[in-house]
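The structure's right below; bear with me while I get my questions together.
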């Protein structure tokens, strides 16, 4: 059955998801503040991210800068704005909704640098009066490939199994699948920390262009993230590291120049951190998450994560990137 879906955001990921939903014959309203993107979308494209490639069913996708219009008569809202804008956008939505409750899909991955909480927790705290149900979707997915109808499988997580099934049915088709993962917090932790790892692997790949080296350190970093999960949540979910949101997302983010964090790491190895930071205009989640990770490790001294600590030292403590692997001499 066709649903009315509002997507808050007109960026690459918002448009990629809109394209999936348009393929499934749902009616999508996208809200944004960039008039060029809005006009593009209303003409069937989003040229900033996808050139002249058209939406699967352009007639199913409408964009507006009127938030009240976008929030009128919806079955589902997808929150797909940059992480730094979530707080202010939620405030605007709250003012319009009043006491009305809606179903929400969150696509912000990782940890909020202000509150040091998962974005799903920020959503629940800031927006609890307006939430009927919520979930998050996360896993290995480049927006450009989703828009191009490449086979994509990612996880959907959240507290209500029935809602997870409902959202999965809304999205799923022959090329895009949401797979339910029962471990919400573990998935979100991997989603955040894999960005830190990707910076390190990006640097390693540039300095040591050998698959032996890359695969060894990729496995080392993944193991360290799992050790952090076990320590923080006092849990040993043996299935978690094998999930799409864990090893799947790690492989994607740590192996491609399409990954902003991986690219950031290679640039650090090429030019040095100071030069890269001065030239960078885009948010690199791993850089900010590394600082939060340092606080986590300092508060939990028993956690052994020498590779991730070495990445942190390069990013925040003037360690020479060429010494990124020096921890290996004492690694057991």
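Cβ atoms here come from the backbone N, Cα and C positions, even for glycine.
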Look at the NAD(+) binding annotation in TrEMBL, where 143, 260 are given, and name the residue from 117, 126, 282 listed for that site too.
282
Given the recorded NAD(+) site (143, 260, 282), which additional residues of the same chain have their Cβ within 8 Å of the Cβ centre, ordered by sequence?
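These residues sit around the NAD(+) site: 12, 283.
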Between residue 143 (NAD(+) binding site) and residue 194 (active site, proton acceptor), what is the CA-CA distance rounded to a whole number of Å?
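Roughly 18 Å, rounded to the nearest whole number.
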For the domain 'Glycerol-3-phosphate dehydrogenase NAD-dependent C-terminal' (185-325), give the DSSP counts of helix residues, strand residues and coil residues.
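The composition, in the requested order, is 107 helix, 0 strand, 34 coil.
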Just to be sure I understand: of 260, 261, 282, which binding-site residues have a C-alpha no more than 10 angstroms from the C-alpha of residue 194 (active site, proton acceptor)?
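Cα filter at 10 Å returns 261.
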Record lists 143, 260, 282 as binding NAD(+); longest Cα-Cα distance in Å?
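Max Cα-Cα spread across the NAD(+) binders: 16 Å.
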